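Inspection log for the structure reproduced underneath, given as structure tokens.
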Amino acid sequence: METLLAGNPANGVAKPTCNGVGALPVANSHAIIATPAAAAATLAPAGATLGRHLARRLVQIGASDVFAVPGDFNLTLLDYLIAEPGLTLVGCCNELNAGYAADGYARSRGVGACAVTFTVGGLSVLNAIAGAYSENLPVVCIVGGPNSNDYGTNRILHHTIGLPDFSQELRCFQTITCYQAIINNLDDAHEQIDTAIATALRESKPVYISVSCNLAGLSHPTFSRDPVPMFISPRLSNKANLEYAVEAAADFLNKAVKPVMVGGPKIRVAKAREAFAAVADASGYPFAVMPAAKGLVPEHHPRFIGTYWGAVSTTFCAEIVESADAYLFAGPIFNDYSSVGYSLLLKREKAVIVQPDRMVVGDGPAFGCILMPEFLRALAKRLRRNTTAYDNYRRIFVPDREPPNGKPNEPLRVNVLFKHIKGMLSGDSAVVAETGDSWFNCQKLRLPEGCGYEFQMQYGSIGWSVGATLGYAQAAKDKRVIACIGDGSFQVTAQDVSTMLRCGQKSIIFLINNGGYTIEVEIHDGPYNVIKNWDYTGLVNAIHNSEGNCWTMKVRTEEQLKEAIATVTGAKKDCLCFIEVIVHKDDTSKELLEWGSRVSAANSRPPNPQ
């Protein structure tokens, strides 16, 4: 059994030479030449390739759809993703939308994946991955990288910025992913892939995996035909800390006269939805939700009082929360948007703030190494039932009036539109709200049990909802997605309505055409907030091109809206439906007017004295 090293003069093999500037070597000076018997003894089965191992891992964790844009560096890898049973490759129109789709998919499935090519694709998807990072979503971003032989050669490659050092893409991803794997050899590829995926799931953040374009089809002994199930060690609370934390929080809350609860967006990453509901059931406290956490707590619960969003909260919600003498916040994020320009009337000394792995009572003490679900479940057993705050809420509560019906041929108003959208919701639907006035109008929708709800508040990237609708609908095929998108946002990412059609999706898109960037107008107006009007239904019809199932309608009155809704929920219930809603450019929610003025004031603060 003889193995010869190529290029070793002792073996009688000439050292390979380069053909000249910009040329490949005649042979690989590091190649191993093995006899057939040796190869049979040392190599893995032909099916145990790097590409197949990665594909199987994605299926194993639930990312059975990968949103991709092909490029020459990832084509071979895409072949292996396509070949994997149980995995579907969804081709997108651009990398940004592929990333947004992986974001939306992760919101439903718990993890998403996208695949792009080196640098030109990677830097294009970067914005979407940054959004997933800010929203605590595990997204596996796979990049087809350069040939492994090109690392360290001082060569200039295409699809780069023209420097011999082509690590710029990696450096960009280092700040917006929790782990980066550069796979340019087979020996540690198995470990790097598994570590990256495990880290994404454990940290609930995106990861970056670059796979050299010449490795996807190669076998290695570590890529077994049936991969060993990946084990992610569970996090556990420190038992002593947990006991002390529960005791401190229970004592604090049990002394309060009218305590309340508020759910925040980090309930998702903590996987604490059921634990939060258990505290609400046991305590008798009224509970609200921060805007970015809508959909994470049960709105059908009898003591749910709405969205707490400072000055733009659900009617009577802020009064109850801010007048409480103690409040339990689970997983909050207090930024300038969620605090309405830092104008919340809350006091730290009254708050128990629980984060995914720590909590603090008032101004102290603070406790680390405790997990939110374990803490909340233990706390539920220690709280005395107290319905005082909820009783106060019931005394002052007056139901909101429905907007009056429009007169015949009267131009449609936005509040009338959302009155009818509310009537469409069920446990078999999900709402995706785009950045803009839809944030505020969709917050008013009372979600039935089982109804999903998603929007991107922390990052707030306009255009996100088109890709997110694609991804969410692909992941949750048992739900019909209702997307509310402004015209300005739609112009950013409209192309992937095409991909929705290719995938046979049946979402309903309400395109709100008011002629500009309404949310920006209310923060700071200017001519840059006016956009060129499109024939949006005509555009979608052109994309449809008689391929797939699609139905469009343009509505200007309430009568037309009723007709459209009857059609999309009846005869066209199995179609992708696109309804362009024409409204006045100044028709906005009162909440946006208030929020915009306060955020504008926060943005306009003068520099501090030096």
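Cβ from N, Cα, C; glycine included.
Here's what Swiss-Prot has on this protein:
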type	residues	note
BINDING	Asp72, His159, Glu520	substrate binding site
BINDING	Asp487, Asn514, Gly516	Mg(2+) binding site
REGION	437-519	region 'Thiamine pyrophosphate binding'
Give the three-state DSSP assignment (helix, strand or coil) for Gly516 (Mg(2+) binding site). strand
Non-site residues, in chain order, whose CB comes within 8 A of the mean position of the CB atoms of Asp487, Asn514, Gly516 at Mg(2+): Gly486, Gly488, Ile512, Asn513, Gly515, Tyr517, Thr518, Ile531, Lys585
Quick one: pull the CA-CA distance for Asp487 (Mg(2+) binding site) versus His159 (substrate binding site), whole Å only. 33
Neighbour count, 10 Å Cβ-Cβ cut-off, for Asp72 (substrate binding site): what number do you get? 12
If you draw a 10 Å sphere around the Cβ of His159 (substrate binding site), how many other Cβ atoms fall inside it, taking every protein chain shown into account? 18
Just how many other Cβ atoms lie inside 10 Å of the Cβ on Asp487 (Mg(2+) binding site)? 25
Judged by the number of other CB atoms within 10 angstroms, which among Asn514, Gly516 is the least packed of the binding-site residues? Gly516
For Glu520 (substrate binding site), write down the residues of its own chain that are at least 6 apart in sequence and whose Cβ falls under 8 Å from its Cβ; none is a fine answer. Asn529
Spatial separation of Asn514 (Mg(2+) binding site) from Asp72 (substrate binding site) - C-alpha basis, Å: 41
